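Colleague: Annotations for this protein, taken from Swiss-Prot, read as follows:
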ACT_SITE  19  active site, proton acceptor
ACT_SITE  131  active site, charge relay
BINDING   19, 392  anthocyanidin binding site
BINDING   153, 352, 354, 369, 372, 373, 374, 377, 393, 394  UDP-alpha-D-glucose binding site
């Protein structure tokens, strides 16, 4: 290869908001850090039928409009998507089937891109970076003799689980059993044995367990795995993979990658209302409650949270989703007279500018669903967390934060709303009090890990991991030429 700056990287994200926003930030990080070694990053964006595409694409384009070296290419939709009923019943099965249907579209897009690069002769595609849900697309990389790297928008602990699943499956060829909830699993990278009850709910049903295993079995085929975490946060997990005896890909701890922009469908007037209210509150006086973008709270659970907030009597911002078929707005789901009683105490909203809220000096605690992006954002701003996981790998994240790292306060570790599980008002109120008191999880400890994250990115371990990844990528292009 004649010039170092002639390398192009192709990134293929998964279109859930947390995944695609982290991907955009990853691309910016690679461009800002590598100087001229990467000429261009091309993001091949594809959508899902139930995600409004026009608004999403416009928002994503706005995020990269000042980044001339980042190109966003939108791909056509799958013509015969899996039935929506499959997503409702077995989300992981739907996701894997949809990704497989995207493979021919990705192949055509990549073929077109490679042909244009061959004609110009000035830029060479160095490799692919795939969201971990997109690992079936490793086959496309192999067809074009391109190395595939995985971008894991989760923790090193989650990576340990993905290594563990195929190993367990070779011995026990069936899904996990909820009746063995207290069974302990020796997951790589964990100091503590991990109880079955905190594993992703999809591992307990055959229809969704098999896609998890199929994805995990493809991980060793990658050239390397970029993990959105850092060594100071998960030292044991990364130490394990550093000395991993198996033929496993190189691990690059490149986090924290923080999503600096909130989701596209936030009303700007609502954002202004929330931030203006926060500006008037004392430092560290507000608890922020937010439960993610995919789960609706039941009416019973909403009532219990409302009672708890009245009991605890501290300032709050409470963001939650409701079923639009049942309620036109979150206010309709609240107990009668609740807003009148807490008029001076807090704000209720359906959507909130999470990054801005967590960054605000008035916020002193976060009751979180424990999505990994949310955990990194909260830690990044030094805000203590109380764990209330809802779905996917969030129970495992909560276990990691509470039991493994001692960086969060336990509300619940194994909450499963589908089982009719309800957290009572007294329990919620007690946890919120403890969170805001800062005794069980001192704010100083969270601040220390926040500083460690900043240092990792600013010339420290994560900076060096990105540098090593770029070097490996460019060297691979030079060798293959």
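Keep in mind that glycine also has a Cβ here, set from the backbone N, Cα and C atoms.
It should be emphasised that the depicted structure is a prediction, and the values quoted were computed from it without experimental measurement.
Map the listed features onto the structure and describe their local environment.
Modeller: For residue 19 (active site, proton acceptor), the same-chain residues 6+ apart in sequence whose C-beta sits under 8 angstroms from its C-beta are 13, 131, 133, 153.
DSSP gives residue 131 (active site, charge relay) a strand state. Residue environment of residue 131 (active site, charge relay) contains 22 other Cβ atoms, counted within 10 Å of its Cβ in all protein chains.
Its Cβ placed at the centre, residue 392 (anthocyanidin binding site) has 23 other Cβ atoms within 10 Å.
For residue 372 (UDP-alpha-D-glucose binding site), applying a Cβ distance below 8 Å and a minimum sequence separation of six or more within one chain yields 18, 153, 154, 155, 158, 228, 393, 397.
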Colleague: Three states by DSSP: which one describes residue 374 (UDP-alpha-D-glucose binding site)?
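Modeller: Note: residue 374 (UDP-alpha-D-glucose binding site) is helical by DSSP.
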Colleague: Cβ distance under 8 Å to residue 374 (UDP-alpha-D-glucose binding site), same chain, sequence separation 6 or more: which residues?
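Modeller: Non-local contacts for residue 374 (UDP-alpha-D-glucose binding site): 290, 292, 354, 366, 368.
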Colleague: Based on DSSP, name the secondary structure state of residue 354 (UDP-alpha-D-glucose binding site): helix, strand or coil.
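Modeller: It is helical.
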